[in-house]
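Working notes, beginning with the structure itself.
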């Protein structure tokens, strides 16, 4: 019953448990118990606590900026570092033995992307029903100048084919070498990428609706599915039992475009087609705060937490990117100047949360703002043919990926 406006303590316990689990795996298990869902052996490095990175932006220290005119002072904004980019792959699945499945999209749009928690892997999903898994170190090697004329580097380490309709979202298990995907064929599929010859899912959840978004709980024991149903579906990953909130006082009038857990799993957020952003208790699945008309009458297309789970960044088809205070539901900042009215575009933080990135559909550009001042500090050509559909930033370093209606995948890293 702790009210949301109370200051949360540092997530020390979660960090200690994560470190303990990593050590236990490295020194004792070297795999997963046969009594659990995930029976594959796990590389000891995967799931370990990532190397220390730049501390995320402390919104408590700089909170005064949100409530004053300081953000209008020239020169207060930071500079976003220059990046280099390269086309690394594209989705162009060929059907050699069987005809295209129902719902096949001729455009082969690259619809979604996701980094693993440690930043070592990147996965992309497409309307052609395929999933590509990249090893980020190989992508970086591919981008080195001396590799232009040398032996080709192949950053795609695996490709999965098991869906019947376009893929909407992806997520990595927080500790194990498991990748999940949600698709229009109403399924959530589990892929074990420690088995290099595997191309099919080893476990499947059959939902009742088009699965638009998926998100693992930080423990890895549960996952959320945002679907065409107005309430997120909570699944136990070991039993596949589905749970719905038993007492929802006020429900959405539309499908859920995106669902994301906070860093501790104590709360999750949904962005809905009715334009609302809703916050839900991670234990009881009760709606604890509704921000109705967060994006007017337009769809809310994305929503995600800051690392300290005090703020939510949302994007919508009203061409606005908004920052909300979790404890009060107050609109803290608006980031304007990027038009997105057609595609289900995202707005994301950089790895340090010092910057916000999104896509301008009209100009086919990537737009970057200073998080604190909301000043637009950069506009870069996307280098896609047509506007990118998805933008995802690495959780551990200054790099991100874009995927587009031109079916291509582009990787961006600090120059």
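Just so it is clear, glycine is given a Cβ too, placed from its N, Cα and C backbone atoms.
In terms of DSSP helix, strand and coil, the repeat 'WD' (115-144) has 7 helix, 13 strand, 10 coil. Residues or ranges marked as repeat 'WD' by TrEMBL: 115-144 (among others).
The repeat 'WD' feature in TrEMBL is assigned to 160-201 (among others).
Summarised as a single figure, the pLDDT of the repeat 'WD' (249-290) averages 90. The annotation repeat 'WD' is assigned in TrEMBL to 249-290 (among others).
Annotation source TrEMBL lists repeat 'WD' at 301-334 (among others).
Distant neighbours of the repeat 'WD' (249-290): 4, 11, 14, 169, 209-210, 212-219, 222, 224-232, 234, 243, 296-305, 307-309, 312, 314-316, 318, 324, 326, 329, 344, 346; these residues of the same chain sit at least 6 beyond its ends, with a Cβ under 8 Å from one of its Cβ atoms. Same-chain residues lying 6 or more positions outside the repeat 'WD' (115-144) and placing a CB less than 8 Å from one of its CB atoms are 45-48, 50, 84, 86, 88-89, 91-93, 101, 104-105, 107-109, 153-170, 172, 174, 179, 181, 183, 191, 193, 392-397, 399, 401, 403, 407, 409, 411, 413.
Note: the repeat 'WD' (160-201) comprises 0 helix, 20 strand, 22 coil (DSSP; helix = H, G, I, strand = E, B).
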